[in-house]
Each structure stands twice: as structure tokens, then as C-alpha cells.
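Record features, source TrEMBL:
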- 12-31: transmembrane segment (TRANSMEM)
- 51-71: transmembrane segment (TRANSMEM)
- 161-185: transmembrane segment (TRANSMEM)
- 197-217: transmembrane segment (TRANSMEM)
- 238-258: transmembrane segment (TRANSMEM)
- 270-289: transmembrane segment (TRANSMEM)
- 388-452: region 'Disordered' (REGION)
- 420-429: compositional bias 'Basic and acidic residues' (COMPBIAS)
- 436-452: compositional bias 'Basic and acidic residues' (COMPBIAS)
Amino acid sequence: MNYVDDQSTDTNYHTIAIIVAVCCVLIALLLSSVTILQHLKFYTNPEEQKWIVVVLLMVPVYACESIFSLWKPMFALACDILRSCYESFALYSFGSYLIACLGGERRVVELLESEKEALLKEPLLDGKELKPDLNRGSLCKFFRQPRILGERLLEIEKFGLVQYMILKTFCSFLAMVLELLGVYGDGEFKWYYGYPYIAVVINFSQMWALYCLVKFYHVTRERLQPIRPLAKFISFKAIVFATWWQGVGIALLCYFQVLPNHGKFQTQLQDFLICVEMAIAAVAHVFVFSAKPYHFLPVSEYGKVSTKTVTEVVKVEEGDEEKPAVIEETETKVEAPGTSVKESMQEIVVEGGQHVVDDVKLTLNQAIEPVGKGMTKIQETIHHLSVGDDDKKSEVEVDEYEQDVTRIKPDGSVDDDNEKLEVRVEKNKQKVSKNKTRETSEVSVVEEHKHE
């Protein structure tokens, strides 16, 4: 009877949670759709807005997959894979958005190089003693003050974001395979399950990506002030990283039995919280990623202006007289690019997709190159070791033959086979030095027999 009551209570709670989550999801979808459509309608700066749209789509993707997973727990893992893949892509898009706001990669390289030159020109000593806690080995200073500037910093930032996109996607599909094999153990911190190992890999990759993004923001924050970068950074970080650590925290609480650890409670609680959080995130995005700055832009940079003047002569009565007057009407037409929603979506899919493919290729080449060099060095080392062992073995054989040559009979006379042994020694010496051919050894053997 108690079991039936508990099951009935859980069903009631689940129904209430779904109703609340649906309301939050509807709010999130409505606000996000309005914001996205505004950007597509006023698509006047494609280099920036295509990445903004990708970031804004996080809320609908998270909200839809979470409510579906809450409603149908059997599809929880598939929904989690979808969320993970898009999360990594959104992080990459946010980094690309910051680069676009600075004028593109070429402009960013020039900016970072100028920052590097300015840093190198600073005097090492300004007449003040350095405090002990500001030495080079300070961990705080290491995280707060980047030591790498110039083009290298941009490469590191892009590599950090792309590696997270690749690893997150790979680990998500690996989790699905392990779940089908029954060895994934979602939320189970046990050594024979795959969940803890995948969690460690994703956490490391995620922290690396965040660290690279923070480094890049630290160097360029002054140039990014017009777009209010801190508010955008916090709102994005709250979605990507807070939801992940929230899931890990819930798993730990369930593992230590602080929260119930039965059925699908862990995943359902995570899905419910994400639905509520997406409604809050959608409200924040309305102000943080507003499309108003793109409503009015300098026409000389983002549009084409054409004018048309119409002249007409009319008669104006002044008293009893009629005098001619000239009326000029000038019509100004402004053609702004990308005002069609359809064209805007095509721009995002085609141009954005090509940009992602190029960066993934570049990152894979950067990752494979040192691996190839390492494998080459290992092969060369093994080859040198094997050649050295062969040389040592040949030298030992020569020494043994030389000992046989000096062998003397017990009566003090020289062995009759001494000359033949010398021939064998000569053959082995030729093998070690590799200066003479085998045919020479055979000729020497024939000469020895003739001598006998």
C-alpha cells in the first residue's frame, strides 16, 4: 500500500513539474524567437549577427530537448547528446562573435601584435620594488596576466574552442555507445562505468576552452567595451558551464544519497531546472543580445545610397501676376544588405558552416603535426637502437673467432687448421666493416686451399 502511495505521489510531482516546465519553455521560446527574428530582419552586419543568432538558438535547443526528456525519460540520453553537441558549437560561435566584433581575424592579429610591441617597450624596472607576491611564479598572476600575445594568442584561443567542440561531440556519441552496451552508468561514479572517465575528459576540455576564452577577453576587453562584453560573457557562461556543473553536482548529491537515487530522478531534476533557467536566460538575452544596435548603422559602410532629383516648373500667382517657380524633389533610396529573413538564414548556414569546417581542419592539422613528429622520433630511436645491437653482436663474433685463431695444441705446436680459421676471421671482419664484398672472402678461401 505504501509503495502504491509513493508511486502515486511521484506521478503527481512529475505532472506538476511538467506543467511548470512547459510554461517556462513557452516563455523562453517566445522571447528567443522574437529576438532572433529581429536580428534576421535587420541583418545589416552579417559577420557579427550570424554568430549572435547561433548563440541565441541555445535557449530554444536547451528548452525543447529538456522538456522532451522530462516528458519521455527514455529519450534522455539522446536529448543530452543533442544538447552537448550544440553547446560546444555555441561556445565556438561566441568566440567567433568576439573576433568579428574586433574587425575579423586579420584585424585581431594586428591588434594583438601592437599589444605585444607595447608590452615589450615597457621598462622592466620603474624604480619600484616588486612585491614578493607578484613574482613570476605566482599562480594568481599567471591566470590574470597572459604571457603570450600576438598571433600565437589567437591560435591558442581558436584551438581551445575547437578542441572542446570536437571532444564534446565525440564523448557524447561515445556515451551513447556505452549506454547501448550497458557500461555507461549515467551519474554513477564507479570505476567499471564509463561516466566518470568521460566526465573527467569533458571537464578538462571545458576548463581549457574557458581558460582560453578568458585570456582572449582579458587582452581585448578594452576594445570590446562598445558591445558590453562582460554582460554577454556572464550570460553565456551561465548557460554553458553552469548547467554542466549543475548536472555534476546533482549526480554527486544523488551518489552520496543527499537526494533520492532511484529511477530517473537525477536526469528529470536536471531537465526541470534547465527549463526554468532557459526562461530566465531568454529574458536576459533580450537585453544583452538586442538587435537595436543594428537598426541604424553608417550607410557608407553597410549600405548603398542612391538619389533621384525631379525638377518641375510651376506658375505662382502674386497679386495679378503669374511668375514661374522651379520645384525640385530629391528622392533618396538606401539599399541595406541582408534585410530578407530567408537570405539571412542562408548566410548563417553557408558562411558559418564553411567557417567552422576551415577552423576544424586547421585545428586537426595543428594536433596531428606534433603527433607525427613524435612518432618519427620514436621510429628513429628504435632504428638506432636496433642498428647498435647488430653492430655489437658482430663485434662479439669477431672476438670469438680471434680467440679461436690463437688456439695452440697441448704439445706447443700450432694447429693445422689455423689458416682456415684466419679465413673465417677475415670473413667476419669484412661483414662488420662492410667495406669488402662477400666474393672477396670466397676468393681468399680458394687461395688458401691452393696454398695447402
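Using the three backbone atoms N, Cα and C, a Cβ is placed for every residue, glycine included.
Comparison of 12-31, 161-185, 197-217, 270-289 by number of C-beta pairs under 8 angstroms to the transmembrane segment (51-71) places 270-289 first.
The list of residues near the transmembrane segment (197-217) in space but at least 6 beyond its ends in sequence, with Cβ under 8 angstroms from a Cβ of it, reads 91, 94-95, 98, 143, 146, 153-154, 156-157, 159-161, 163-164, 167-168, 171, 174-175, 178, 224, 229, 233, 237, 241, 244, 248. Remote same-chain residues near the transmembrane segment (12-31) are listed as 59-60, 63-64, 66-67, 70-71, 268, 271-272, 275-276, 278-279, 281-283, 285-286 (criterion: CB distance under 8 Å, separation of at least six residues from the stretch ends).
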